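Participant: First the structure, which I've put down as structure tokens, then a few questions once you've had a look.
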Amino acid sequence: MDRRQGAKENGRKPTRLVYRRPVRIDYDNVFQSEEDRCAFIAEWYDPNAALIRRYQLLYYTKDGSVEMFDMKNHRVFLKRTKYDDLQLKDLFVGNKINVFSRQLQLVDYGDQYTCRKLGSKKERTLAMIKPDAVAKMGAIIEMILSSDLTITKMKMVALTRKEAVDFYVEHQTKTFFNDLINFMISGPVIAMEILGDESVCAWRKLLGPTNSSTARSESPNSIRAKFGTDGTKNAAHGSDSVASAARELEFFFPTSGGRGPPNTAKYTDCTCCIIKPHAVSDKCTGKIITEIMDAGFEISAMQMFKMEIANAEEFYEVYKGVVAEYPEMLVELCAGPCVVMEIRSPDAPKCFREFCGPSDPEIARHLRPKTLRARYGKSKVRNAVHCTDLPEDGLLEEAYYETGSLHWLILNHEQMLQINGFL
């Protein structure tokens, strides 16, 4: 008796067996057809366990939501949640992002779809503002950010003759070489790593022709046309190829353990200013720098940093237990890159603090509407800039960013104040 006959005698409907061929799911195409999402491998250092934990981070471009999976334990770590503080432009290999107060390092793409979509487009190049255009660096930075390019590293340095010769070694046999070297060591320069779609070509197009006179006739809206003088004093430099970009970026921002050319900090008649991550993300860096310089302040040193939570706790230690917003201040300082500047002027701490305005932007907009915090601040925590409260703190804060060591600050606190006339 077969299965169908037995089922009929027992009053049951015969079972119909259906055999299906296994279907292979193309996850890349599924995600692409349903909604765009990007996947990355992210690492987080767990200070309690002293371990580096790896996660797969998914970012959904449709609604700005994020999802995380614990790769070791094969389980959901964070269910899909909307997170407004993270944007697609922040997602690239090598960047540090902050997701719900957890700082993550993006170390690789999570799938081939993301690699194809983002990896082939993102390119890095070196941009350098030359000595003749440092006074216009705010306007140049604003032009860069307005061109869908992202500044991921930035540092003001003073080149020695040897460093300038090493950097321009390919021009050593040309007639203008000595004039070029003398010009490049005549003042500080600003080196930047720029990230964007085909950034080598995009940056050179924004620069314009090498000779500034030619640029004014052929590309009047270019950087060299607006800020350059001639073929040597032409405002800015750009790498001419991907290979050159890699070499020149390694020169200024070495990954092999070196420090590159030193910064230009003076540590006299100065105060410290930090453009906070939210203002950097909102592309306000160039505007804020321009306003600072137009107000008569000198920016004598500048560098972009990405803060770890432990560093932020050390830097803001004096506010712990004093300011109610202290925890939120830590989160904001670690939320993305910030720009640290040494500001110089007579009585710099007092004058610059007044220029920044009240710490609460709402109060600033009512009482002092032309101040930086009134114009660019959003809240008491996201108030555009941090400025030094006391004269001696300016020296300490600048030294902190120079060394990254609180221990060094404690040992040199009294000595620094004596040298600079505060004791």
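Even glycines carry a Cβ here, placed using N, Cα and C.
Because TrEMBL annotations are produced automatically, they should be read as predictions rather than curated entries.
Okay, so TrEMBL annotates it like this:
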type: DOMAIN; residues: 34-122; note: domain 'DM10'
type: BINDING; residues: LYS130, PHE176, ARG204, THR210, ARG224, ASN234; note: ATP binding site
type: COMPBIAS; residues: 210-222; note: compositional bias 'Polar residues'
type: REGION; residues: 210-239; note: region 'Disordered'
type: ACT_SITE; residues: HIS237; note: active site, pros-phosphohistidine intermediate
type: ACT_SITE; residues: HIS386; note: active site, pros-phosphohistidine intermediate
Participant: For each of THR210, ASN234, count the other CB atoms within 10 A of its CB; which of these binding-site residues has the top count?
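Facilitator: Output for this query is ASN234.
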Participant: Quick one: pull the CA-CA distance for ARG204 (ATP binding site) versus HIS237 (active site, pros-phosphohistidine intermediate), whole Å only.
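Facilitator: Per the Cα atoms, ARG204 (ATP binding site) and HIS237 (active site, pros-phosphohistidine intermediate) stand 8 Å apart.
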Participant: For a quick check of understanding: given the listed ATP-binding residues LYS130, PHE176, ARG204, THR210, ARG224, ASN234, what is the maximum Cα-Cα distance in angstrom, as an integer?
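Facilitator: In whole numbers, the farthest two Cα atoms are 21 Å apart.
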Participant: Treating G and I as helix alongside H, and B as strand alongside E, what does DSSP give for the compositional bias 'Polar residues' (210-222) in helix, strand and coil?
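Facilitator: Its residues divide into 7 helix, 0 strand, 6 coil.
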Participant: Among all the protein chains here, how many other CB atoms are within 10 A of the CB of ARG204 (ATP binding site)?
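Facilitator: I get 18 for this one.
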Participant: Of LYS130, PHE176, HIS237, which is closest to HIS386 (active site, pros-phosphohistidine intermediate) if I measure between C-alpha atoms? They're all recorded positions.
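Facilitator: Comparing Cα positions, the closest of these recorded positions turns out to be LYS130.
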Participant: To which of the recorded positions ARG224, HIS386 does the lowest count of other Cβ atoms within 10 Å belong?
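Facilitator: Comparing Cβ neighbour counts within 10 Å for the recorded positions ARG224, HIS386 gives HIS386.
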Participant: Could you tally the C-beta atoms, other than its own, that fall within 10 angstroms of the C-beta of HIS237 (active site, pros-phosphohistidine intermediate)?
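Facilitator: Summing over all protein chains shown, HIS237 (active site, pros-phosphohistidine intermediate) has 20 other Cβ atoms within 10 Å.
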Participant: Mind looking up the mean pLDDT for the domain 'DM10' (34-122) in the predicted model?
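Facilitator: Within the domain 'DM10' (34-122), the model's average pLDDT equals 89.
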